[in-house]
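**Q** Heads up, here are the entries from Swiss-Prot:
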BINDING   GLY638, PRO639, ASN640, MET641, ALA642, GLY643, LYS644, SER645  ATP binding site
REGION    825-869  region 'Disordered'
Amino acid sequence: MTSHSPKLTPMFEQYMNIKAEYPDALLFYRMGDFYELFFEDAEVAARELQIALTCRNPNAENKVPMCGVPHHSARSYISQLVDKGYKVAICEQMEDPREAKGLVKRGVIRVLTSGTALEDENLSPKAHTYLGALCWDKSEGAGGFAWVDFSTGEWSGLQSRKEQELWQWVQKMAPRELLLADTLTPPASLELTETQFSKVPERAYFDYKRSAEKIMSAQQVAELGALGLENRKELVRACGALLTYLSQTQKQDLNHLCQFKPLNLNRHLLLDEITERNLELFRRLDGRKGKGTLWHVLDHTVTPMGGRLLQERLKHPWREQAPIDETQEAVSHFFAHNTLRRQLREALDTVYDIERLSTRIFLNRATPRDYVALRQSLKALPAVRELLEAPQTGDGRYATPEEQLGAALPPFLHRMLKSWDDLADYHDLLEKALVDNPPHVITEGGLFRQGFHPALDELMDLSEHGASKLHDLLAEVQQTTGISKIKLGNNRVFGYYFEVPKSVSEELPDTFVRRQTLANAERYTSERLKELEEKLFSAADKRKTMELKLFQQLREHVAQARPRVLFMADLLATLDHWQGLAEAARHWNWVRPVLHDGQDIVIREGRHPVVEAVQGPAGFIPNDLRIDDQRRLLLITGPNMAGKSTVLRQAAIICILAQIGSFVPAREARIGLCDRIFSRVGASDNLAQGQSTFMVEMMETARILRQATRRSLVILDEIGRGTSTFDGLALAWAVVEELMKKQQAGIRTLFATHYHELTSLEGTIPGVHNMNIAIKEWGGEIVFLRRLVPGPSDRSYGVEVAKLAGVPQNVVQRARQILELLEQKSKADGTRRPASYHEAQPLLPGMPEPPSTASAEPPQTVTPPEPPVLTALRDLDTDNLTPLEALTVLTEWKTLWGAGKNEC
């Protein structure tokens, strides 16, 4: 609205005042049975929702764009907007319009954002939806990153002195919404296409003192140390920002949040986002989810909670032996007992997402159907318990009575059943209270069963059987008066009445009161008719009012069960996770691996689970692999398409599966526990940030060399490509040396390369061992055997692969001629490859000859003085150079060099 706009009506003045408080949100403004949007909000909503855009005051000079949606169907429209990244502020009528004096009071009751969604329409069932907050204090040289799944109440975080590490965790956790101080800018290299960034005032959101107070209040603790937050100032600030944002958007207490647990990196195998992407754990290399990922092969869970737990385990595998052993024991049990596993899957399949259901109930955001879903889920608890309690035999059968005498439950089941809670009291309450198919909206009524509440029963009887009660009263009057011609009627003026012909009207008792005289009839009422009429007219309203009151009481009672519900949700998720791993192992014919504290990794007939799932078992060639003290770095050579990358990836995936407690795709596996797995596989240009494949490769390699330890597993594929042959060879050589020098005995590494010169490192550098992917030549063609065998590959077969790829025959033939000439030349000169363009050029007819120097005098050899800029570069202390100082030095050099001055 501009300054010269006409005076606002009271309603628009109210709207504008509320809108001013939420300028970045679409304001859904309740007016009667509709939510209305005005001005720019209306234009955006109409465009995104494909609904009609109209205008208020169409005949006025200043028309107001508007659109609206019915309140009973607004949820789907709002969900669409939230999915598109919009914030939506819900402005409700805060009083009954019929009782309002003047303008109805209105206020925003909630702001919906992509990171605070509670509705199923905005949530992925088997994935967490995170709201994140990141802060970085340059003066302290430290920062914090915290995240919360508001739909379940789980939250965690970490603190680091490396800003890059924090952003790596942001990429790994991939929050739907990320809170950043308005002074902080994300790095240009950050790839988060599905994350919405929300800038907030640093002082209001990230203040340490306020954050500490909010955390202790929300978690009901007296000190931060109770949550593991002592001496973690930056993590406290990040957590405080989350709580501030949630309080402002949700407009209520945050008592549903679980106890905060800082992420303990020492307990988990660390997989950064780059490794997740290269190994295609959750997404394919093209960014798509589903088929072609490890998740698609592994996920056999049947509940949303079990699916989310599997995702969490796959993102954070265990590094400790104890939880791995317990998971393996459970998976082995369900793997061996097929009948139990099948029946358990059937029982769990009736369980809804009780984690998220309990959150919606606790926050008063649940619909009646959510309560019915909770009831249905609680009904499954005794059935699941009985399945687990039934003794099993070793061959997968239920034990006979005689066999049960010596049968004992596995320790993991005994511990679980000891704390089992059927929640029978809450199931029985919900069963007694709610009908089987209640309406979606509370205000529609018809929620409760007959017999739940006596007063409600009477109102239900009146509202549902009013017509029959009127008919019964009429029959009774006809019988007692003996006048069969009495009729029952109704109109807006007099309501219900008895109509009697004038000829018999005098026969009516005095208890009947005349209401209206017609030409041939008289209309009467009676005390009983008036009483019944009053009850009928008010029954529907009274029933809705009473149902609302009873429903609120039911909500408060069920909300108290949240801790018990969450405890059982965790048990059910764990059961589902275990049986899902067992189902996957049965389906794909996997085996139980042996994990140990040593360094050896021994895999017999290992398979890549995703490739095998696509090709089928018959089409996949398994491979053996061994890493030990004498074979720390396997140098794998062979042509493209032979399967080097598959061997690398499958080794890493088998280690990851083993450390979540899963069976693995192999005939046998012994895995020395890993602390980190690094993967540098595949080309990954980052053109948007001006980073070539080679630059990205070098950055990832540098990170690996800095962070890998003796307990890490590193897989590297084609290090050094993307630059000149000898540059690439030199870099690959140096990387191998560095990997074997680090951590005394070297880092466990699988190193695939086309640089055959590197094969000479076996015997030169302890721990380097040559392997190759076998090839067979047959009738001038090559056959990929897909077998990993000892020794180096004899050559790269690049021309043969080009032929298989469909390169035109004339190009292939010419390539063979050139290759033969190059090889002859290199043998004659005693070198592996031509050392320069001048050596290679005469072998390539059609290329211009280099300038002739035969008749020229031999050039005088003069050593020029070292340029001052090179001297300055050598003297530069890069370890202690600040970014500002570096920029200043570069500017000075550019000024000198750009001017063409000889002195530089």
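Along the chain as shown, residues are numbered 1 onward.
From the backbone N, Cα and C atoms, a Cβ is placed for every residue, glycine too.
Model, not experiment: these values are computed from the prediction.
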**Q** Might you list, by sequence position, any residue in that chain lying six or more from ASN640 (ATP binding site) with a Cβ less than 8 Å away from its Cβ?
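**A** HIS754, GLY798, VAL801 - these are the non-local Cβ neighbours of ASN640 (ATP binding site), listed in sequence order.
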**Q** Including all protein chains shown, what's the count of other C-beta atoms within 10 A of the C-beta of GLY643 (ATP binding site)?
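**A** Excluding its own Cβ, the number within 10 Å is 25.
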**Q** Take the mean position of the Cβ atoms of GLY638, PRO639, ASN640, MET641, ALA642, GLY643, LYS644, SER645, the recorded ATP site. Which other residues of that chain put their Cβ within 8 Å of it?
**A** ALA752, ILE773, PHE784
**Q** Would you count the other C-beta atoms found within 10 angstroms of the C-beta of SER645 (ATP binding site) for me?
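**A** Neighbour count, Cβ to Cβ under the 10 Å cut-off: 19.
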**Q** Which is it, of GLY638, PRO639: the one of these binding-site residues whose Cβ has the most other Cβ atoms within 10 Å?
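**A** Comparing the binding-site residues GLY638, PRO639, the most crowded Cβ belongs to GLY638.
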**Q** If I restrict to non-local contacts, at least six residues apart, and a C-beta distance under 8 angstroms, what lies near LYS644 (ATP binding site) in its own chain?
**A** ILE636, THR637, GLY638, ASP717, ALA752, ILE773
**Q** Ranked by the number of other Cβ atoms within 10 Å of their own Cβ, which of the binding-site residues MET641, ALA642 ranks first?
**A** ALA642
**Q** Helix, strand or coil by DSSP: which one applies to GLY643 (ATP binding site)?
**A** coil
